[in-house]
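Per TrEMBL, the feature active site, proton acceptor maps to Asp66, His137. According to TrEMBL, the feature active site, for ring-opening step maps to Asn135, Glu142. If you look up TrEMBL, you'll see 21-223 marked as domain 'Glucosamine/galactosamine-6-phosphate isomerase'. What TrEMBL lists as site 'Part of the allosteric site' is Ser145, Arg152, Lys154, Thr155.
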Amino acid sequence: MEVVIRQHEQQCGVTAADIVADAVLSGATTLGLATGSSPLSVYRALIRRHRQGGLSFAAAQAFLLDEYVGLPPSHPQSYAHVIRAEFTDHVDIDSERVHSPNGVADDIFVAAREYDALIADVGPVDVQLLGIGGNGHIGFNEPGSSLGSRTRVKTLTEQTRHDNARFFSGVDEVPRHVITQGLGTICDARHLVLIATGSHKAEAVAAAVEGPLTASCPASVLQLHPHVTVVVDDAAAAHLKNADFYRYALKYKPAQQKY
Ligand code: GLP
């Protein structure tokens, strides 16, 4: 696991965007996208690079990590809508090739299995962006999620509903159920890039990177993956015991990865 510590959120965004851009320029075509506040600086940097020229997503397809049950893609807080507004509408990716779980399917349990099968069919995901919840969740895999889980319907914890209430008019509006890629599904991606900024993420980052491998901190599953980059700002790195070591570690060279 490579841990990159940058001073500010915006620098974290540029670092993570460089990783995605290098992958795309090296032939990566399948991107895993995340929502929430954490990846916004990454999307802004990618949009900038696209507008400056030389970075095209025309050959790319993308898979979202998760979706709220009951919110159609037209709902402003559905993740299908958010990813369009924040990223995909601003680059040249084919919108038909931006996939997300169907949270309004007649049978959401079948929809979850079909989404998993689609990723397996046309994947693997080359680069997967991830944020992390304050309780260590990735995607919507709340504490207690099986470390080998596949895409499925999950129930949100009250903490996550409260954390996400800022996007809605109140906590009562936050759906209780979601469809999320499982931890096993996420770990099928070839390169995982987790971005976390701010002191409110420091504890979860330390638990994920340096804590025990445990379903109580779903993000600790990253410790099992062969290629993970964790990009954090100083505030989110504050509880890392080995921060100095990470600062001096040799950096991974993107050109070594072939897609
Ligand atoms: C949500 C999303 C996650 C995201 C997490 C953290 O629950 N499902 O994918 O990583 O929130 O969000 P934020 O980046 O806004 O702190």
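Glycine residues also receive a Cβ, built from the backbone N, Cα and C atoms like all the rest.
Automatic, uncurated: that is what TrEMBL annotation is.
Features recorded in TrEMBL, as mapped to the structure shown.
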residue : record                             : DSSP (3 states)
Asp66   : active site, proton acceptor       : strand
Asn135  : active site, for ring-opening step : coil
Glu142  : active site, for ring-opening step : coil
Arg152  : site 'Part of the allosteric site' : strand
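Residues Asp66, taken from the recorded positions Asp66, Asn135, Ser145, Arg152, Lys154, Thr155, are distinguished by a CB atom under 6 angstroms from ligand 1. A gap of 9 Å separates the Cα atoms of His137 (active site, proton acceptor) and Ser145 (site 'Part of the allosteric site'). A Cα-Cα distance of 10 Å separates Asp66 (active site, proton acceptor) from Lys154 (site 'Part of the allosteric site').
Counting only the Cα atoms, the space from Lys154 (site 'Part of the allosteric site') to Ser145 (site 'Part of the allosteric site') is about 9 angstrom. The recorded positions Asn135, Ser145 differ in how many other CB atoms lie within 10 Å of their CB, and the one with the most is Ser145. Only Asn135, Thr155, of the recorded positions Asn135, Arg152, Thr155, have a C-alpha within 10 angstroms of the C-alpha of Glu142 (active site, for ring-opening step). Rounded to a whole value, the Cα-Cα separation of Asn135 (active site, for ring-opening step) and Ser145 (site 'Part of the allosteric site') is 12 Å. Across the fold, the C-alpha of Arg152 (site 'Part of the allosteric site') and the C-alpha of Ser145 (site 'Part of the allosteric site') stand 11 Å from each other. With respect to their backbone Cα atoms, Thr155 (site 'Part of the allosteric site') and Ser145 (site 'Part of the allosteric site') stand 11 Å from each other. Neighbour density around each Cβ, counted as other Cβ atoms within 10 Å, peaks among the recorded positions His137, Arg152, Lys154 at His137.
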